[in-house]
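Engineer: Can you read through this structure? Questions will come right after.
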Amino acid sequence: MSSKTSKFQPVLDEIVATLRPQLGQGGKVASYIPALARVDARQFGIALRTCEGEEAGAGDFETPFSIQSVSKLFTLTLAMQRMGDALWERIGREPSGNPFNSLVQLENEQGKPRNPFINAGAIAVADRLVSQARASGGSAKTDILALMSSLCGEPIAFDDEVARSEADTGFRNIALANFMKSFGKIDNDVETVLDTYFNQCALRMSCRQLARAAAFLCRDGAHPIDGEPEVTGERQTRRINALMLTCGTYDAAGDVAFSIGLPCKSGVGGGIVAVVPDRLTLCVWSPALDATGNSLLGMKALELFVTRTGLSVF
Ligand code: GLU
């Protein structure tokens, strides 16, 4: 599919030129599974898609990477689409102030996760998706692939090696799921719910694909490609953006709001999706992470972008 090139292309080229000398200098690639540990840290890509459907990309913006927690944004979207406000009976909407995979808070709050972007919250969302899919004789994994492929206008797949490794090493996620189950907060068998969660983390996409897939978030929920049918309503879309701003970047959300001022969702694969409501959606990727688990150069790139363009929600 071809799209018109955006007037922002020179800004992205300039960001790549500014950050390229810093590649490989600082930050650490996620190392909890081999498939992530062997990713070359010296990669950087940036892409955007405007509300009008214009696209721009620079650096390694066509290279697929493991989207990891960025997937939580899309499974939340799917659950809100299917369940509306009933979703919030099981999941909160407050920043957690605790590590993304913490068990402690979950115990204090009787198995109700603080928000859909910490691991417990995303696992609870996956449980809802499994229930919804089962009710119609389908599968949550198929629904997730269908949503992503529709949003991108091209086929999207899980990386089986990453999904297997997530399952082999996901002891804390297994604990979180069982813990919620013990509080009666997970309806389906834990294996199926975690298989959904591990696979969504293992989606492989490029910056170009992610900027396009998330473009409904800058269009009041209208489908990125043809506008129809809408992905989410205007109110739901505002809420997703609000959750990204307050909870989307691990424990750095306050700092990100301060220095970038855009709703963002990041993942340990080094990807970050950011939204400028009513204007455009961006995706940056660089695998080396800072101490908060966010892409080091990705955050720098977003800061440069808002400085150059003056675009921010504030
Ligand atoms: N698969 C990772 C986990 O569940 C996701 C980590 C992330 O991107 O935050 O631990």
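Cβ coordinates come from backbone N, Cα and C, glycine included.
What you are looking at is a predicted structure, and each value in this text was computed from that prediction instead of being measured.
Grabbed the feature section from TrEMBL, which reads as follows:
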BINDING   Ser69, Asn119, Glu166, Asn173, Tyr197, Tyr250, Val268  substrate binding site
Engineer: Which binding-site residues out of Ser69, Asn119, Glu166, Asn173, Tyr250 lie by ligand 1, going by a Cβ under 6 Å?
Structural biologist: Ser69, Asn119, Glu166, Asn173
Engineer: Under DSSP, is Glu166 (substrate binding site) part of a helix or a strand, or is it coil?
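Structural biologist: Glu166 (substrate binding site) sits in a helix per DSSP.
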Engineer: According to DSSP, which kind of secondary structure is Val268 (substrate binding site) found in, if we only use helix, strand and coil?
Structural biologist: coil
Engineer: Using a 10 Å cut-off, grab the number of neighbouring Cβ atoms around the Cβ of Tyr250 (substrate binding site), all chains included.
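Structural biologist: A 10 Å sphere around the Cβ of Tyr250 (substrate binding site) contains 22 other Cβ atoms.
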Engineer: Tell me the Cβ contacts of Ser69 (substrate binding site) under 8 Å, same chain only and six or more apart in sequence, or just say none.
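Structural biologist: Ser69 (substrate binding site) has long-range Cβ partners Phe100, Phe117, Ala122, Cys201, Lys265, Ser266, Gly267, Val268.
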